[in-house]
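Undergrad: Look at TrEMBL and you will find A:12-36, A:141-163, A:184-211, A:345-367, A:388-408, A:420-439, A:451-470, A:482-506 tagged as transmembrane segment.
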Amino acid sequence: MKSFFRQSMAWLHTWVGLVFGWLLFFIFITGTAGFFDTEIDRWMQPELPMAQTVDVYDFADQARERLEVIAPGASRWQIWFPIDRNRPYPEIFWQGADSDPARGREQIDARTAEPLVARETGGGQLLYQMHWRLHYLPTRMAYWIVGVGTFLMLLGLITGIIVHKKIFADFFTFRPMKGQRSWLDAHNVVSVVTLPFQLMITYSGLVLMMFTYMPLVAAAYYGTSAEGRQQFISEAFPAREVLEAKGVAAPLVPFSHLIEQAVERWGEGELSYVEIHHPGDAAARIILGSNLAEGPLRSTEQLVFDGVSGDLIAEIPRLTSGAKASRDVLYGLHEGLFAGSVLRWLYFFSGLLGSVMVASGLILWAVKRRQRAEKQGNQNPFGLRLVERLNIGTIVGFPVAMAAYFWANRLLPTSFTARAEWEVHLMFLVWGVMLIHAATRPRLRAWIEQCWIAAFAFLLLPVLNALTSSRHLVQSLRTNDWVFAGFDLTMFALGIGFALMALVLITHNLAKREREQSVHNPSAASLEAL
Amino acid sequence: MKVFVELSPFLFAYAGFALLSLIMDRHRRQLWPSIQGWQPRIAYALRSLGGLLLILSLWRCLHLWGVGIGLVAWFGVLTLVVFVLVMQITYFPKPVVGLAIAAMMISTVSVFI
Amino acid sequence: MNSYSKVKSRPTRQIQDDKKQKGYRLSVLSRVVAAAVGGYVLALVASIVLAAFMPGNRAEGVLWAMQLSFAVYTLAVIWVFAARTATRAWIGLFIPIVFLSIWAVWLTQGGVK
């Protein structure tokens, strides 16, 4: 009975992992890049200055002056302060204004109080959002595809734990150069060491989208109407009431007194934003919010003031209910906005190992079947060939495409109006080319060639950066510009990694050929079966 | 000096996992070939010390980053350390025991800085 | 194919019995549908019932239940593929779905909260 259970779970693990493996790899890689989304944003806009800090009192007044000019009659203004790595520059946002555009967002230069101007780019945000929006697909469809993928990932993890017989005995075990055994070891080790991260990131991924995936749970109690849905949201997420504008003009109170109260309550550097509803109207409200990214609990404390009298009307705590707190923690853990530099790198590393886990699982599938096919007399089934080629074109080909995204960012002329879109188009075009290359070249040659392409694409990025911006590696190291230095060095490290992969593949292939020439050696080598 | 304080969760975890791997026959042969095997009592002591070092690593995480972030960071630390250790055991097993002892000493000292 | 399919399809491969091969494929298809659709429905009705028994007000109960629904779904899928036959898998889903649906209707049509 037990072994039947384990066998069924092994079957489930194998097929669940295979069918969605490439999508999961894509999600993992782009999501991992997302842990450095703002850093990538900044590398992709090298014209922008180093991260800034502002005096909250001064900037709130400057921002208000600017909003009064560019967004009069708005239903909502927001003023964001750059208090941590998540927001390098102060920002303003407006909505429902009488001006054109009625809704907008500007990053402000703290030195001049003027908007920052930089090249058009999708930046790290686009790369990050790709991991649940899949870029080209309609939103709903993308959410559901990613949802199915995430759920199958969860199933893969659980069945993987069930199937893995010797989690503790094999905890530290990796036996290289032993064919299928080595790939299984590699798959096991990276899965086990990152297991807490994997379970967290997968389950929280589902919970983040639970209103899309499980809407009927709420509908069962609140009905399917829009009002029912609204009632559920307001009960579940107690927030300030949203008032209608009265249509009677009334001056907005100065911010300084309100900001004083917030700073007194939360301390310096903890005030994250000021939000103004119906500025200039008698029904105006001003909300001050604390930092969302203080810890894993992703929630802000808010102070709500009357916008005309300046009286404190309500305080909304970060913690309102256990159920919401549980969701907020999962949300916070998934995004990792709270992570400082050490923890951010650990997140990034865990994400990379997660990608390796998916990749090694896919390779293991192919290696196993390639060995069996060879034993059964040089069969070459289509399914196996398809998986092998998709593996090459995705596991190495997609990273090449990401490098192409960065190359496009620097090579497309800044005057080209559609450059932001074309950065992405080029990324997917390059991926397509890599897939075609993988499909048409001999298998091992395709692996080696793509590894070399990836190696050079990443290794030369710091050079490209030096040629196309004034913030080259020496400069950034000298000025402690860790965003640029970090990006360049990471690209360099990735390039070295791919070059090593290519070299390992080559030496291994040579060794195998020599062995075959001297003695007939039936034990298949690990990489030959790639 | 401050860098050792920040490294202490990693160093404690490294020493702890190194000891835990050392009590497994397969890895003992790789890491310390001249030892034939452990007496049960010594194996028990090593296992306990290894576990204790992991808990000390958790304690340093909580101390450095607070409860919420520290707990998350601890899992990240464990992931990184085990991965590094597996690579070392596979490709450069010789220095592991020495490094583990050094890690234990440095991290212990760093607690008092 | 791997161990699971081996159990079912090794004799068929030897005898080249198309019927059995077809039976195996149908069984897999049936289980996939049971897991995807049946599992989802089970997770849904179980969560609706669960929502009534979680701490806090009605909205909090719903929030808790939504978060837990994916665990229920996972267990349901594991059941579907662990069952001896596809028919048993369906029965094992069907009975709790009927039972929980009735309970859910009773709860949401002014039963408890």
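Yeah, the Cβs are placed from backbone N, Cα and C, and that goes for glycine too.
Unlike curated entries, TrEMBL annotations are predicted automatically.
Bear in mind that the values here come from a model prediction, so they are computed numbers and not experimental data.
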Undergrad: Can you name the far-off residues of the same chain, 6+ from the ends of the transmembrane segment (A:141-163), with a Cβ under 8 Å from a Cβ of it?
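TA: That would be 5-6, 9-10, 12-13, 16-17, 19-20, 23-24, 27, 131-134, 191, 195, 198-199, 202-203, 205-206, 209, 212-213, 361.
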Undergrad: Are there residues at least six beyond either end of the transmembrane segment (A:184-211) with Cβ under 8 Å to its Cβ atoms? List them, or say none.
TA: 31, 132, 143, 146-147, 150-151, 153-154, 157, 160-161, 164, 167, 170-175, 178, 218, 327, 330-331, 333-334, 347, 350-351, 353-354, 356-357, 360-361, 364
Undergrad: Below 8 Å between Cβ atoms, which of the listed ranges A:12-36, A:420-439, A:451-470 makes the most pairs with the transmembrane segment (A:345-367)?
TA: A:12-36
Undergrad: Are there residues at least six beyond either end of the transmembrane segment (A:12-36) with Cβ under 8 Å to its Cβ atoms? List them, or say none.
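TA: Those are 124, 127-132, 145-146, 148-150, 152-153, 155-156, 159-160, 163, 201, 336, 339, 344, 347-348, 351-352, 354-355, 358-359, 361-362, 365, 387, 390, 394-395, 398-399, 402, 486-487, in sequence order.
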